[in-house]
Amino acid sequence: MTPPDDTGAGGRPVRAPGTRRLMEHRLFWPAAVLAALLVGNVVFTHDFLAVRVQNGHLYGSLIDILQFGAPLILVSLGMTLVIATRGIDLSVGSTVAIAGALACEHIATAKDPGSLSTVLSAIALAVGVAAAIGLLNGFLVARLGVQPIIATLVLMVAGRGVAQLITDGQIISVSSSAYKMIGGGYWLTLPFAVLLAAALVAVTSLVTRRTALGLLIESVGGNPVASRLVGIRAVGLLVMVYVVSAVCAAVAGLMISSNVSSADGNNAGLWIELDAILAVVIGGTALTGGRFSLGGTVLGALIIQTLSTTIYTLGVPPETTLVFKALVVIVVCLVQSPAFRARLSRRRRTAAPDPASAAGDLTARRQEVHP
Amino acid sequence: MAVPPTPTPTRTDRPVLEAQGIRKVFPGVLALDGVDLRLFPGEVHALMGENGAGKSTLIKVLTGVHPPDAGTVSVDGGFQRFAEPLEAQHAGISTVYQEVNLCPNLSVAENILIGREPRRLGLVHWSALHERAARLITELELDLDVRMPLGTYSLAVQQLVAIVRAVDVKAKVLILDEPTSSLDRDEVAQLFTLVRRLRDRGVAILFVTHFLDQVFDLCDRVTVLRNGRLEGEYRIDELTPVTLVHRMVGSELGILDELAETSHTGTTDGPGSGDAPFLSARGLARAGGVQPYDLDIHRGEVIGLAGLLGSGRTEAARLLFGADHADGGELRIHGKRAVLRSPRAAIAHKIAFCSENRKAEGLIGELTVRENIVLALQAARGWTKPVSRTRQDEIAARWTEVLDIRPADPEAEVRNLSGGNQQKVLLARWLLTDPELLILDEPTRGIDIGAKTEIQKLVTSLAAEGTAVLFISAELEEVLRLSHRVGVLRDHRLVATLPNDTTLTPDRILGAIATGATS
């Protein structure tokens with residue numbers, strides 16, 4: 001029953017101009033913020049973007065950002081999937097500490113700390129225990145229906161205690177060149193940690209987007225009731241994302257402890273869960289679940305790491321670094337908010353002398369309320 | 001019904017609200033293109049159009065939710081540019097939406113006066129509050145206890161309270177956006193009485209509805225939109241229901257003939273009454289939902305379920321889909337006992353269910369049309385066996401065309417579609433799984449006549465191909481037109497199952513609903 005009159009306006013596609021389409025791309029604002037931070041650094045530190053080769057390794061601030069950002073990228077990667085299901089995982093920081101503590105304890109007490117087999121079994125131990133942590137979180141959330149923020153708060157608090165039990169309250173130092181490789185080594189001129197993080201990001205992207213996993217996760221997060229009525233088994237998906245999140249945190253924990261060749265149950269991964277949540281949100285995945293963007297999360301994590309690096313290079317006094325970081329984060333979030341940008345440009349328009357040109361101006365307001 | 005005095009556009013009054021050349025573009029969609037609207041004091045003015053014609057967008061422009069991209073809105077002759085809904089309210093434009101936006105846990109008085117409570121020494125002056133609310137209520141000749149929590153009253157009364165609240169904001173213009181879609185006949189009459197009273201006081205009322213008879217019952221003039229453009233402005237006595245529908249859909253032929261055609265197909269004898277049923281329920285029940293009921297559904301049969309809102313229609317259907325667990329009785333599918341522990345189990349038995357609540361229980365709003373369509377199929381296959389992107393594109397393109405989903409863009413976010421098109425997406429999702437039993441709960445509620453007819457035709461042709469259909473609707477005419485048999489529910493009980501022969505009329509069904517008896 002198509003009405004013969006097809007010239008009507010309703011549903012007629014309207015092509016936006018190229019620049020506007022670019023600005024509406026979901027990664028535009030995270031990328032723009034990152035670029036702005038990097039450019040800002042160049043103003044203060046002229047060779048900030050310089051990368052040089054030394055002993056066959058690449059060196060420079062950019063490489064440092066990637067290397068020190070790798071653990072955060074990994075934790076944020078798992079966090080993205082959890083948040084996409086409408087959940088949150090506060091226990092990742094503790095998992096980072098537990099994984100590092102387990103691996104270092106295992107290596108320190110082994111007969112041959114330098115051997116590959118010791119390091120591999122240490123890795124397997126850490127990842128295995130992390131998977132069990134993820135299973136517990138997933139069980140609490142998916143089977144018992146505990147609110148994710150409460151379910152994972154349990155291990156956020158208790159997990160740090162467990163990590164200290166493992167290290168006996170001490171900082172365990174290890175000397176194992178094979179273990180050092182994970183967080184401090186180089187391969188193909190690049191830090192191994194960067195390659196490892198890149199590989200895990202790539203695998204996660206492939207698995208979520210080439211299979212239907214991403215779609216089903218977005219569906220469960222976007223509308224759990226409708227997802228049940230459409231026949232999606234949410235329990236398995238939920239358990240899976242919490243396991244992935246914990247395993248990502250474990251690998252991050254290995255990187256951090258490997259880089260400093262020691263495990264500190266007290267401070268390793270402290271507050272990293274908050275940075276990860278922030279990275280996910282800056283990257284464009286809403287805390288209310290649904291659509292997620294792994295690329296956005298990587299950009300978000302890099303923004304946070306660049307910010308930390310900036311603070312050091314600018315020489316912000318240590319007692320004000322957290323306040324400085326908070327201010328920048330607020331600005332970043334405001335810049336990304338369509339509502340805030342609309343208000344800004346509306347103010348500009350009211351100030352503009354020529355209202356006629358403003359009438360057709362669409363760039364001010366992205367679609368917030370649906371037609 | 002007395003014919004109300006008809007203000008004509010030619011009268012010398014100035015319109016209280018005038019919109020000219022309104023244009024509104026959303027990313028990818030031109031929603032309104034040069035639309036005019038005039039409202040005169042003391043008239044009830046209908047805004048008509050199919051789903052997606054731009055009615056909701058126009059209302060949102062008038063109430064300051066969306067600023068227009070071009071065009072002007074003037075109130076009492078003065079140009080206005082509303083940046084937000086509050087500014088429109090201050091200018092005297094009040095809106096009551098389809099869903100009641102009040103707080104059921106607060107009292108009627110609080111709901112009416114919230115945000116402008118009378119105060120004394122900075123504290124709420126409770127006795128003055130109750131007095132003022134009670135005065136408003138009596139002025140409009142309603143009978144309510146303003147101290148009772150709003151939630152203790154029916155949805156219809158809540159709707160009336162919403163109107164009282166809107167009017168108290170010294171409204172010159174009252175916009176009613178589909179206020180009647182969840183009300184029964186008596187409640188609609190009650191609402192109309194209030195609307196007429198307001199009209200007689202000089203309020204201009206913009207009335208949006210899908211019910212043609214209500215337009216002719218209540219309204220003085222009509223503005224018709226089609227595909228985001230102004231089709232025309234008419235006095236109601238210039239139109240008949242048939243000409244009005246023509247203006248809305250823009251086709252002179254076709255739609256009404258097809259309506260008439262479908263109405264005959266339903267009245268033939270039910271198929272397969274001698275065969276073993278596809279599904280048979282015996283004593284199926286759920287405490288607090290529906291009393292034990294028996295029901296057989298055969299291949300190719302359309303069973304209608306009639307009953308008032310809250311009579312247990314939806315609850316009965318949900319048991320057949322495993323959406324709720326039955327706590328008594330037995331279900332057989334193809335003669336074999338089946339226990340449906342989850343919707344997934346029902347889907348495995350080739351049962352599909354389109355919920356009455358499209359937004360909350362059907363669609364995943366932020367996903368695209370394509371993703372929503374393939375979702376049921378994908379869920380059945382599990383995440384490890386993805387439907388390839390090429391195949392998804394094919395499926396989406398095919399169903400967009402077959403069901404005429406508009407805009408015909410499979411990558412549009414489904415929440416941006418109009419109600420009728422969302423319903424079609426939901427149908428496409430389930431038809432793709434090739435169901436043997438399709439449960440449709442209020443599939444035509446709140447959608448326009450074009451989409452409605454298409455869905456009715458679809459049901460008829462699905463049944464002809466052998467699909468069993470359970471069709472739930474509050475519109476008895478529709479149930480009668482499509483069903484081979486009609487189950488009648490009353491107070492959570494299936495009180496009758498009536499064969500749809502020539503003697504079955506809406507009045508007989510109403511009788512069954514009213515008395516619980518079969519004749």
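For all residues, glycine too, the Cβ spot is worked out from N, Cα and C.
Bear in mind that TrEMBL entries carry predicted annotations, made automatically and left uncurated.
Keep in mind the model is a prediction, meaning the values are calculated, not measured.
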Of A:288-308, A:351-371, the range TrEMBL tags as region 'Disordered' is A:351-371
Go through A:27-45, A:149-166, A:229-256, A:294-316 and flag the stretch with the largest number of C-beta pairs under 8 Å relative to the transmembrane segment (A:90-108). A:149-166
Checking distant contacts: for the transmembrane segment (A:294-316), what same-chain residues at least six beyond its ends satisfy Cβ-Cβ under 8 A? 26-27, 30-31, 33-34, 37-38, 40-41, 44-45, 48, 61, 64-66, 68-69, 72-73, 76-77, 79-80, 201, 204-205, 208, 275-276, 278-285, 324-325, 328-329, 332
Of the listed stretches A:65-83, A:120-142, A:149-166, A:229-256, A:268-287, which one has the most C-beta pairs under 8 A with the transmembrane segment (A:27-45)? A:268-287
In the same chain, which residue numbers or ranges, 6 or more beyond the ends of the transmembrane segment (A:322-340), come under 8 angstroms Cβ to Cβ? 29-30, 32-33, 278, 281-282, 284, 303, 307-308, 311, 316, 365-366, 368
How about the transmembrane segment (A:186-208) and the transmembrane segment (A:65-83): at least 3 CB pairs under 8 Å, pairs 6 or more apart in sequence, or not? yes
Give me the stretch from A:65-83, A:229-256, A:268-287 with the greatest number of Cβ pairs under 8 Å to the transmembrane segment (A:120-142). A:229-256
Residues of the parent chain within Cβ reach of the transmembrane segment (A:229-256), under 8 Å, 6 or more residues beyond its termini: 70-72, 74-75, 77-79, 81-82, 84-85, 87, 89, 91-93, 95-100, 103, 123, 126-127, 129-131, 133-135, 137-139, 141-143, 152, 182-183, 193, 196, 200, 204, 213, 216-217, 219-220, 268-269, 272
So what's near the transmembrane segment (A:65-83) in sequence-distant terms, Cβ-Cβ under 8 Å and 6+ beyond its ends? 89, 92, 96, 148, 183, 191, 193-194, 196-197, 200-201, 204, 208, 217, 221, 241-242, 244-249, 251-253, 255-256, 269, 272-273, 275-277, 279-280, 283, 285-287, 289, 292-294, 297-298, 300-302, 304-306, 308-309
